[in-house]
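Asker: Pulled from TrEMBL, these are the listed features:
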type    : residues : note
REPEAT  : 33-65    : repeat 'ANK'
REPEAT  : 66-98    : repeat 'ANK'
REPEAT  : 99-127   : repeat 'ANK'
REPEAT  : 133-165  : repeat 'ANK'
REPEAT  : 166-194  : repeat 'ANK'
REPEAT  : 200-232  : repeat 'ANK'
DOMAIN  : 289-642  : domain 'Protein kinase'
BINDING : LYS316   : ATP binding site
REGION  : 368-394  : region 'Disordered'
Amino acid sequence: MSVKLVDYVYSNSLTKVQTVFGNNKENINEIIYDRTLVHWACTAGKLEITKFLLSKGADVNRADNIGRIPLHDASDQGREDLIKILLDAGSKIDQKDQKGLTPLYYAVSSRRIAPVKILIKRGARLDFHFGDEGKLALHFACNIGRPDIVELLIKHGADVDAMSTAGFTPLYYAIESGFVGCVEMLLKHNANMNLIFGDQNQTALHYSAQINDLKISVLLLKYGADPTIQDSFKSTPADLAVQPFKSKLQQYARVFVDYCGALLPEFIDEYQSCLNETKNQFIVNPNNIKQEKLIGQGGFSKVYQGQYQGNKIAIKQFHEELNPQNCQMFKREVALYSKCHHPNIIKMVGYHCNELKNLSNQQLINKDQDQEKKASVNNTNHNMHGGTDKNNPIVGLTLESNSKLYSKFETRFTSESEEPEESKKCNESGLVTSNHSAMMLLEYCSSDLDKSIKYFKKNNKLFDKSRILKLILDIAQGMKYLHNNGIAHRDLKPSNIFLTEQDHIKIADFGLSIFFRDSNYQKVAPQDKLKNEKIFNVPMSVRIGTDLYMAPEMMNSEQGKCSFPIDIFSFGLIMYEIATLRKPRQLASLARKGADLKNSNIEMPSNIGCHQEIIDLIYKCLEKDPKNRPTFTSICETLEKIAK
């Protein structure tokens, strides 16, 4: 009967629930799949069933297996009606779950102002720090781009210049996410633009100049930001602002590389440019890294959980010397990570590589081009992670490929339950010794989307409507950032999309990514007026990506074509997989053939209450002709309208 009760709740069968408990045959607070029935009712957004359960004595403060009470679930769903009745029933407004998150955090994350208003009105505290970076509610509101919530929090006492425990202000997080409205709202409430933050001692203007955000930089200057302040590297915002002017020269040179097979001159190689610009920021001393346990391994690298400067990290350590070919791959990925600053892109903490000092840049470029002519990178759709689906899924980062060129970068990850024996053989101090040739330090993530989908499918659950929207919006915002900065991912798939302990999306694995020279693609609107055929017809010497998520233009030509729309196609398949928990094999096959998907026999996610706009978006992303697919800019606009 317990399992049926959850079905009754999700199908909104109040009469059946009343019948069961009217006979007093069931325990109202029984744990069903690690949670009580009132948890399930709040997660499903069933108001009348929640009222009935409370009237029958359901414990409003009973925690589930991850420490969440029903108020956490109602806040996560953005349901102010549920929040009201739970608070009226005595719910603890500032209760923390096992991650240290309160209902206010989840209400802010829902992107709806109404539940935030209710919690603040009822006395929710605004001074709790959340997550690894120790953010406040105001920091999260800036991260998600809701100036109305930012204003509400400030008006109720939130400190406009409050630092996270990581040492960053609300203004920093608003700039990081690129939300001009949030930046302006903070400035209107007298945020200190010249406040120093971070380990580089930068101001808000330094940071906006560094990430090339012209709109925000102009806005800061209009409000009186000081452009003469120097950071810890003696750089002014103006010094950082000149970097984008290098890109025009790079664009002209890249034409000769892409179309004529010319060798890119060393002094304008974009990867080396990124490495040079970020060298002081990211190079780390391996003796300062504490290695804890092995969480993944492959033919060429191992991934450890570890600590660096007091923060939990993932350490990707290469256990043999890098030859020129593999060094170029390492160099490329480091350059791409260092270029990216966005809450939905995994962060690189630092790197160490002796070989980058010993090999000339021109040698690396020559080797990379020779290998690209010989290789045919054709990923198959197989699980590289291993392990079992547990409540605590795998931890780590991945680079997947079965080609000869990339095979040594494969990494197999394990769950905590099958911890490798070698993890027990760390040296007594746990410190990484300096004889290792290369390593990357990356932000630690507790799971990935692929594992999360498998876990829900195994337990016969579906993502609820609001979580589907949150997941795909986070992915879209991360990809919008990459495309707007001229980066095509080229291997977007669930196993390359990671989840933090706070359930935030982090896009990772830039092993196959590339700087794309015409980032103006994202700025063309409307889409049907797009005339620049060059964007959709850039020849490549190798076939890149994972077959299941590969766009038709990548499969139908021996040379292949690389462009931003291949990521859009992959995203369409990922949206379907998130909504249905099914691998999109049949859908992908039909889409590549140009079939009429709306009139096909493919079961779309409408049967679980998914937004119709999302279903329509899936169809648009899976257009066979890349010119007919939307951009991530327009995708984000559509999803943000749904979220409101």
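Cβ atoms here come from the backbone N, Cα and C positions, even for glycine.
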Asker: As a quick check of your reading of DSSP, tell me how many residues in the repeat 'ANK' (200-232) are helical, how many are strand and how many are coil.
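Answerer: Final tally across the stretch: 16 helix, 1 strand, 16 coil.
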Asker: For the repeat 'ANK' (133-165), how many residues does DSSP put in helix, in strand and in coil?
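Answerer: Tallied per class, the repeat 'ANK' (133-165) gives 17 helix, 1 strand, 15 coil.
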Asker: Please work out the helix, strand and coil residue numbers for the repeat 'ANK' (33-65) from the DSSP assignment.
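Answerer: So the counts come to 17 helix, 1 strand, 15 coil.
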